[in-house]
Amino acid sequence: MGLFILRRLFQGFLVVLGVTLVVFVATRMVGDPAQVMLPLSATAEQRAAFEHKFGLDRPMAEQFVDFIGDLATFDFGESMWQRRPAMDVIAGRLPNTLKLIAAGLGLAIVLALPLGALAAIRPGGFADRITVFLGLFGLSLPQFWLGLLLIMVFAVTFKVLPTSGYGGWTHFILPAVTLALPAAARLMMLVRSSVIDELNQQYVRTARAKGLRFPQVLFGHALRNALVPFITLAGWEFISALAGYTVVVETVFAWPGLGLTAMQAIKFSDLFLLQAIVFTVAIGIVLVNIVLDVIYKLIDPRIKLA
Amino acid sequence: MDAISEMPLLEVERLQVEFDTRAGIVHGLRGVDLSIRRGETLALVGESGSGKSVTAQAVMGLIDVPGRIAGGDIRWKGQSLLKGDGPRRAKDIRGKEVALIFQDPMTSLNPLITIGAQIGEVLQRHLGMTKAQARIRVLELLEAVGIPAPPRRAAQYPHELSGGMRQRVMIAMAIACEPQLLIADEPTTALDVTIQAQVLELIAGLQETLKLSVILITHDLGVVAGLCQRVAVMYAGRIVETGLADDLFERPSHPYTQGLIRSTPRLDDRLERLVSIEGAPPSLLAPPRGCAFEPRCPIAEARCGTEPPLAIVHAGASAACWKPSQPAWRDVPASAEPAPVS
Amino acid sequence: MAVISPAVPTAAAKPRAGSFSALAAELWHDKAGLFGFAIIVLLIVLAFIAPLITPYDPALQSVAARLKPPVWMAKGSWEHLLGTDHLGRDVLSRVMAGARTSLIVGVSVVLLAGSFGVLVGLFAGFKGGRTDAVLMRLVDIQVAFPGLLMILLIVSVIGPSMTTMIVVLAITNWMIYARVVRGIVLSVRQTPYVEAAEVIGCKPARVIFKHILPNLTSPLLTLGILEFTNIVLAEAAMSFLGLGVQPPATSWGLDVANGKDYIFVAWWLITFPGLSISVTVLAINLFANWLRVTTDPQEREKRFARAKAAERRRAGRTAPTPVEA
């Protein structure tokens, strides 16, 4: 177990290194930070001063070593826009994003499991066809549009929920639903197809031959085993939400999380803050992946760690 | 008491099972008649696709889409399992009074649940035991099927056990509620040869100690001889011959049975080459009107174009053939001649 | 399962799956798939001839005709069927022109990412050993990248444009093809006929073309179509965020972004472009769903059996059937 986690940490280190490399190449070699971050009216002297201040006038190799050194000490520099360390900005915003993801993904799971299992009981039956259609429909909704529609209906027309912002629990509803529906559709379709698969497995026939009642066969055997792929996808949903898909929802609902902050960083040309967000998320993804592997092990005894 | 023990435990009557496929309806079972009494051991033999397993599945209520029971009846102790409230009662009978052992112990156990819990489930379901009670009984059962160190094994997952061990677990699960009938669907096919004998011995031993009725489904005639009193031979979704095991091997009546016995390799065989029955079983999409074996039968004649009924040939033996007990091949001879009345 | 699907003799009259008319007939019977197919055809046609048939230039502004509602509303007029936006641009024309953007971006990205991913997958699957391990580790690493955030960062540095978007989306979406192709190559290589071909000394290139590519066509087609929907959604999201297609070009995502400040007064501005995205993706999903089932003989068989079972249930139970509740 210890060895396994070490190995995965090393792999995670490679991921972060890869991200570093791409970010470095994109920002320093392809793009020009001075041009992005300084106003168009900046004079040549201002540019030179800027480049000197951040060491952009030194050789690339030297810059890269410095860049890595800063990251290793969790020094992401100062947010130009907020005029305080980028890490402080992130520390203030990250919890909001995590809360939103937890609410959204929780809702998605609560919707997906029973609906998917219901559809799988009789493939091709009435309930199945309805849920599959709803699922495909859910997959087809662009998140930003769904969010705006919900705002239009519940906030503008019926005025029952706040349009946007962060506050009491009512503020959670629309963003969480927006984040949840497409994920719920994907998860539901997966639950459906894996439960159908499991119900056709030989061990389910054993369970039925034992005289077990259908709920026990469905929940105790088929659905239980379908949880393995389900956890994989749910984990992936969590990761992809973290990896940027909350940007859209947070922008639509002005939710003060990491995604909105990233958009603001872009708007204010705050490259250092944006870099810091990317790294934080990369590290978050690595950690979530390790946690997921441990969960697999708990569910499936056949998986050997290390 | 006698009246009850005389009554068949399980009766299958004109059972028909059909499968919907894109190519048409496959007639899997075309009117199977079968019965087994208390304590009796019956072998169901036939080649793959003849309907042996489908018959077992129908009894256990395991036929589902694309298959369905299209006609006939299954009776347990005289009461239908298909008609009226039969399906409801059947749920309490299956797993308790009738139990099934599958062919492949590798896939027949849930990989994510400990074997102890999987056996315990049956006890909780049918005998109303609590988890704790079931746990104790599971250890006894594992002991009874010859699994060493039951407490350790009970906590293990299927992938940690060998094939033979897993089949023993399946057997433990099947006998958990002390059933009256055990259906074993090719229980040794997936196992190593050395393990096969052990598993069969275990089943034979349990049959005796628990006074079980056993239906053994197999395509291996060698297995049948030692283990079963009676044999039913299936061909193309029908039973073509039944009889007492010793008798049937001595003097097979139906040409198909003759061919089957003839093509079973024997150690003392004088023939060098393996023989087989020419041709292939008929398509069950459009089964022949008459005797299904007619196209392959060397002694077929005009009347074989109409279906022969399963009729008594001699005491204790029936065959569905217009020309029963006639040698269909030249090298079948000795056995096919009517045996002297003993 | 093996036991309950008895051997079906091949001699029986089976509709040939390969023949075009048989496929068309089958599509005709699957209403959802047919709907999907019809919308896809409509979109492709629209994308090609949009400039010829749009009632107005999609970028044409008109101060006089600002925020006009669709024709069926009280103040609507036949001049602008779906109304106009805050700059007086015709919504219908913009929606039609948007189809072109979605299609161009979707097709380009799928082709770019697809060909690169397929090449990597073929290479990894064929070389095996160390090459395979290294390539797949690279795939693993890139999959674990914070996708959309990286895209935002790169685009904000390089500057948004349609070309940037296509390149960036291709760079971040090739991995799935590599994984799928590698998996298929590995499993096909283990089949007896390919092993035999290799043993008798067929050249690798020949083995790839004769034996492996045919096995790739159907899964890649389905994957490509499903990825296309992902790209359409991604393009819309990026354009919505202002990091994709830039004005004066049009895009459904961009139009929703433009309309979002007017949802209190002009619901049609976000409704129609958003609906276009949804219907497009839904249509493709329905068609892909049909295609997946139809190209897989086992799935076809299952679908047939389910339909038949449903038919029998509706017809009432003539024969006693023990059905698990």
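Cβ coordinates are placed from backbone N, Cα and C, and glycine is handled just like the others.
Small disclaimer: the values here were computed from a predicted structure and weren't measured.
Among the features that TrEMBL reports, transmembrane segment is placed at A:12-31 (among others). Beyond the transmembrane segment (A:12-31), the same-chain residues lying 6 or more positions past its ends with a Cβ under 8 Å from any Cβ of the stretch are 56, 60, 63-64, 67-68, 71, 271, 275, 278-279, 282-283, 285-287, 289-290.
The feature domain 'ABC transmembrane type-1' is assigned by TrEMBL to A:94-296.
As annotated by TrEMBL, transmembrane segment applies to A:100-121 (among others).
Cβ atoms under 8 Å from those of the transmembrane segment (A:133-157) belong to residues 115, 163-164, 174-175, 177-179, 181-182, 184-186, 188-189, 192, 245, 248-249, 251-253 of the same chain, restricted to positions at least 6 beyond its ends. Residues or ranges marked as transmembrane segment by TrEMBL: A:133-157 (among others).
The annotation transmembrane segment is assigned in TrEMBL to A:169-191 (among others).
Positions annotated as transmembrane segment by TrEMBL: A:238-260 (among others).
Long-range Cβ contacts of the transmembrane segment (A:272-292) within its own chain (Cβ-Cβ under 8 Å, at least 6 residues beyond either end) map to 5, 8-9, 11-13, 15-16, 19-20, 23, 27, 71, 76-82, 86-87, 89-90, 94, 231-232, 235, 238-239, 242-244, 258, 261-262, 265-266. The transmembrane segment annotation in TrEMBL covers A:272-292 (among others).
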- Message: Using Cβ atoms and a strict cutoff of less than 8 Å, what residues sit near the transmembrane segment (A:238-260) while being 6 or more residues removed from its termini?
- Response: 90, 93-94, 96-97, 100-101, 104-105, 143-144, 147-148, 151, 163-166, 174-175, 178-179, 183, 277, 280-281, 284-285, 288-289
